[in-house]
Amino acid sequence: MSKKRTPSAKGRRSRQKSKPSRLGRFLRWLFKLGLVLTVIAAAGLVYLDAQVRSKFEGKRWAVPAKVYARPLELYPGQSIAMDELKQELKTLNYRFVRRADQPGAVEWASSRARIYSRGFDFPDEVEPSRNMLLSFSGGRLQSIKSSDGRSLPLVRLEPMLIGGIYPKSNEDRDLIKLEEAPPHLAQALVTVEDRAFYDHWGVSPKGIARAMWVNIREGRFVQGGSTLTQQLIKNFYLTSDRTLSRKLLELPMAMLLELHYDKDEILEAYLNEVYLGQSGSRSIHGFGLASQYYFARPVQELELHQVALLAGMVKGPSWYDPRRNPDRAMERRNLVLKMLFEQGHISRDEYDQARRQTLGVVKQRSLHKGAFPAYLDLVKRKLREEYRDEDLSSEGLRVFTSLDPLVQTRAEAALETGIGRLEKRYGKRAKELEASMVVTDPQTGEVMALIGGRDNRYTGFNRALDALRPIGSLVKPAVYLAALEQGYTLATPLEDEPLSVKMPDGSVWQPQNFDRRSHGVIPLHRSLALSYNQSTARLGMNVGLDNVIDMLHRLGAERDLKAYPSLLLGAQALSPLELASVYQTIAANGFRMPLRVIRRVTDAEGEELSRYPFTLKQQVKPELVHLLQYALQEVAREGTARSVYSVLPDNLNVGGKTGTSNDQRDSWFAGFAGDRLAVVWLGRDDNSQLPFTGSGGALRVWTEFMRRESPEPFLATRPAGVEYVWIDEATGLRSDRRCEGSRQLPFLTGTAPSEKVDCGLDNPVRRSLDWFRNWFD
Amino acid sequence: MKKICLMLAAAALVTGCAGPNPYRAPVEDRGQDYEPAKEPVTQPGTVVPAETSPGVTVQPVTRVPVVREQRDPEAASQPVEIQSSQPVVSQPQSPAVIALLETARTDSGKGDLRMAQSRLERALRIAPRDPEVYIQLADVQRRQGQFLQAEQVALKGVSVAAGQSGALKRLWQLIAEIRQEGGNAQGAKEARDKAAAY
């Protein structure tokens, strides 16, 4: 109780004391208010401080995943034309100069090239920047010498950035470190934007005063008093509307930022945050990306005049846009150079030389070229099987794909040439053609190029993945392989005669040959090479639909296949990519490899997140596939695809199959050489009839592609367990090389027919005559 | 014309001889390696081949020998290139592949199998027909415990190594080892037998 009384007494006393002074009461009130405000302000500061620190220390930017093409490997003995290397270097934005004395530069001569590579931090190891001399002869790279004269066995160029996976805000960045920035960048920024940067505490009263003075003198607003730190805060934490509250928050936050972080950290954040332009819907933030956007080279390779231009543009990226307002940009750039000179950062010579340069801005194009939409689409679909969208668009992942830009370019050019010729030949009847194409390496299962439609820049309907079209005779190899597996041989006689199959719904299936004729008894390999329908249908019915379907699945078809007899002639629809997978297994001796587009995914620091290793599974005995490969080579030598050798070198030994769907709505070719496999589809989106077949259309494009590609020849190594036997072509009986009408065919050892034709070899008289004749030969 | 008629007749006769079902291929039993052909199975409830061929099928009672002219064997051209039965001479390894194989060996020696794997995949892209690459890659996968993959890679190696007995012997020895470690004793024995044959 007593305690309670004490304060009240005290209070009474104090009330008595203060009663006379009204001022004192006011002061007291003011003091209390001050205290409350201080507490609120302190709380606010603590809150701001937490904000400042969490953003600065956490993930500062949403960095889109970067998608890279395959790096070009260079090694002595490699078959690569100088032109191909040149193209690769050009798309990597190397500069062709007289003296390659810095990374990103090339000296080009008739049979030699000096490349100063940029180096790249690959997930497996760092490829250093190298100054190397490459010598070529006969379409091959002969040697790679380092600058100290050593022979290098293998080097990699940096991979081309082919795209990114952007968040909805469409922000894009190419993060750089302060030490990567070119020499004068930081100086230029500080000189132009905030001379007192290294001295102030985040805000610069001197700077504000000077700005005010300049503005008053000029009679208009020419200079803002914001420090770099304030500008960073503004972009980083605050909305862009110019309100007083924002301005009031800016000052304490800038000071807090300075309190926690050193100048270099702040400057580095600034370099990556600052807004420097707009590419369509995508805003260009940071000097890393701006350097690519305006000069098509990494920021490390910028020259003084380019650095000055970028630093000058900070003030007004659209006002000083060098593409739209080159004069203004030039004036601004030279002003920056002048300031740098006056501040003593550059010498008179450097100043004079830089001032004389043109702006040096590259022609505008969309960033990352956007040149491979179909391939990127496939990459994204694969990524989405494993990663969340927000991770892809913000975590700065690096995705290494197997896209080969050289192959892609050749595929696109072949398609254009091929279709151009078709349009010329068929006129109106060939209008509105659509196309798609898949190119893989049959040895590794990697997808090297993908075309989703004739407009290669258009990210629309991806026909290579999504267009399901009846595959026509492309199905036949599966039918014949299933037959070979059941014990048929290449020499087994088949009957190419009409047949009717009663369908469950009461209708009757009566397949016709393309030429509307039946061809009687023919050996199995011939039936495939000439793509006869009636013999194939009969064969397939005997082999059993289930077995054919099973074979298609084993080879690589993934969807459900309906057991209709018409399947045997390709009524089933598959996507070009799926077909590539089927033919891939055939080209790879019966080993099925999942088609790969991604080699590896790493996080922003280069730590591996996923890898997609080389995997394979034997689906069909290599011996049987060898027999099929023979027949598919025959398709190209003597069958429906024999036009290829009027263009391609004779030793290429390509194998493949033409396909035409019912009523000629789809034109297909799938085929392979040693290290390239390509599936080509031509048709129309409205599914109307074409004026050409598979051989007349898709095959022409395929041939043109292989001509440009000049791949390795296909080598069908003969497996143990296969023997070549001379067979009489007409009857399929065993024959001899000395008998008319014979050819060699491969058989599983012991399965060749034993019955022989008689060309007198067993007749002792003729044999001795033969011996006699040989004596004199 | 007469010749063609004769040939066609002969062809028809010979096919006729093949048995009651001319589409069935003659099958030789090759032991457990290959399944003998099954009788053509009619899909229940789906399709029944109904022959409508108006032509008369001749069933000859006796065999008629097929007679052919002799020719100069040098004139026998082969439209499709025949893979010679001679062992394929392996291509000399490029310095790039040698370097990659060597560093991969060092990596796996140090136990860095993932690194070794990346290098071997690089080598595979450069020299996909080099059995040595498959041998090392399969061995790395074996050491990672991926026996199924290791075996498949080694089998692919067998298929590219056709004719190179040294490589084939090592590949089958490796397959034996992989199968043994993977718990397939019977398969391991078969592989060892194959290795012994080279």
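Each residue, glycine too, has its Cβ placed from N, Cα and C.
For reference, TrEMBL has these:
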| type | residues | note |
| --- | --- | --- |
| REGION | A:1-20 | region 'Disordered' |
| DOMAIN | A:74-157 | domain 'Bifunctional transglycosylase second' |
| DOMAIN | A:169-339 | domain 'Glycosyl transferase family 51' |
| ACT_SITE | A:Glu193 | active site, proton donor |
| DOMAIN | A:436-674 | domain 'Penicillin-binding protein transpeptidase' |
| ACT_SITE | A:Ser473 | active site, acyl-ester intermediate |
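Look at A:Ser473 (active site, acyl-ester intermediate): DSSP puts it in a helix. Mapped onto DSSP classes, the domain 'Bifunctional transglycosylase second' (A:74-157) shows 10 helix, 34 strand, 40 coil.
Per-residue pLDDT, averaged across the domain 'Glycosyl transferase family 51' (A:169-339), gives 84.
Secondary structure at A:Glu193 (active site, proton donor), taken from DSSP and collapsed to helix, strand or coil, is helix.
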